[in-house]
Amino acid sequence: MPSLAQLAALLLPAAAALAAAFAALAPEPYMDEPFHVPQTRRYCEGRWREWDHKITTFPGLYVFGALVGRLEYAAQRLLGAASSQLCSTTALRSVNLLFGAACLPLFHAAAASLDGDRSPTQLLLMTAACFLFPLHFFYQFLYYTDVPSLFFTLATILAAARRRYRLAGALGAAAVLMRQTNAVWVAYALAGSVLDACLPEDGRTQRKQQAATQDQRRGGTSSSGSSSGAAAVAALQTAAADLTLLLKRAWVLKRWLAAQLWPLGAVVASFAAFVVLNGGIVLGDKVHHTPVHHWAQPLYCLLYITAWLAPAFWAPPALAAAARSLGRALRSRPASTAVCLVAGAAAAAAAVHLGTLVHPFLLADNRHYVFYIWRRLVNRTLWSRYALVPAYLYSAWSLAACLAHHGWLRLLLLAGASCVVLIPAHLIEFRYFTVPFYLTFLHMRTPSTASLAAIVALFAAANAATIYLFLARPFAWADGSVARFIW
């Protein structure tokens, strides 16, 4: 059985080789890099008070970039091979390559800690899948905030899960400095820590056993499933009972919770104060980043997650198992099941009708894959938006079944945090779905080994295709500049 070290020996040199290809074939700053690279160079040169007001994020990436860039430049000078430019684009891109390498053991630790019922083979396959996830893997080769943002966010959640709260607070502060919306995930880690402290372990164990028993009765797999209307009602009743118990225990333990969890609470409170004083969460260009009510955004995220995990959710065996389970639910509890289905469909259709928003950037920029997905699938006709409602429902139902063993409060916490991040975002941007994807994947009941292997293969194929298109198929954009396809 291969080890994590052997997996790293396979993946990290491949990533380094691809980074060299990016440096050779696409050396100029691209897309958002023309904002990130010059700002970091100002810091490299000691001009800490200069700021590009078109930049909307905190300067965490630029501080790390300046440190790494100066260290790399100093090392090159010692070796007599210094480049002509301090903090070159290639040097700054290496920041994400380093964070990408650091993510590999983090993914393995998270896969082992966030759900303990995984074999060594499953752990390695999940680690490989996390590393190769296309929206993460691709941005290891550009100078964007995504990779360090994900690293600090997952590290915060993992440290909190291990009850290392001071470390979690420090990591959470770094996560927020990388991207403001990570404050929501720090709050998620804080709330999860309260859940862990206040809800008894035996209760969580009992819920896991009940979920496993229900899954066996449904005849579903560990990667997909559905529940009857009665099960949904029972789940809500369980969540209400757990919430009542949580509030009672939190009141009893309030002093202990405050003494232990203040590092995470301080990060959340500090960010809340910033939002009030700043009049919003973004720096600089607020015009194109005004909060909205984009109700359809969580639906896109649900389908996005199951689409990337298609071998576990959309393969014929998974669909057949879901159909059998739904059939049994309709036969045993026809009224409650029908009510749940109709209510879910109505809610999704209402979100599509009232909350389908189109940002001008989405329609104007044909360099992003989402431009083509929107025009050729989601918005092909007026009714094509509604044609996806069954897929949204299936995705929500399946993901809820795969996460139910953690308890419905934990599931609602993840759903709520994801909605807080996604609904205010006007632009449909796949990168916004990255943290919800990882938290879902790392917490869900583990797919079969065959499904995990297929997921790894799918991610590798997607990376090969998108990196090839980026490097080998540039095209002329409307202004005459070189354009490349990008996520």
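Yeah, the Cβs are placed from backbone N, Cα and C, and that goes for glycine too.
According to TrEMBL, the feature region 'Disordered' maps to 206-227.
Proximity of distant same-chain residues to the signal peptide (1-19), defined by a Cβ-Cβ separation under 8 Å and at least 6 residues beyond the stretch ends, is recorded for 93-94, 97, 100-101, 104-105, 108, 120-121, 124, 127-128, 131-132, 137, 140-141, 467. Summarising the annotation, TrEMBL assigns signal peptide to 1-19.
As annotated by TrEMBL, transmembrane segment applies to 55-73 (among others).
The transmembrane segment feature in TrEMBL is assigned to 94-114 (among others). Listed as Cβ neighbours of the transmembrane segment (94-114) (distance under 8 Å, sequence separation of 6 or more from its ends, same chain) are residues 4, 7-8, 11-12, 15-16, 19, 61, 64-65, 68-69, 72, 123-124, 126-127, 130-131, 136-137, 139-144, 146-148, 150-151, 154-155, 157-158, 161-162, 442-443.
The annotation transmembrane segment is assigned in TrEMBL to 261-282 (among others).
Annotated transmembrane segment per TrEMBL: 302-323 (among others), in sequence order.
Sequence-distant contacts of the transmembrane segment (335-363) (same chain, six or more residues past either end, CB-CB distance under 8 Å): 228-230, 232-233, 288, 292-299, 326, 329, 370-371, 374, 379, 385-386, 388-390, 392-393, 396-397, 423, 426-428. Per TrEMBL, the feature transmembrane segment maps to 335-363 (among others).
The annotation transmembrane segment is assigned in TrEMBL to 383-404 (among others).
The transmembrane segment annotation in TrEMBL covers 411-428 (among others).
Taken from TrEMBL, the feature transmembrane segment covers 448-471 (among others). Long-range contacts of the transmembrane segment (448-471) within its own chain (CB-CB distance under 8 A, at least 6 residues past either end) are made by residues 18, 21-22, 25-26, 119, 121-122, 125-126, 128-129, 132-134, 137-138, 141, 221-223, 308-312, 315, 369, 484-487.
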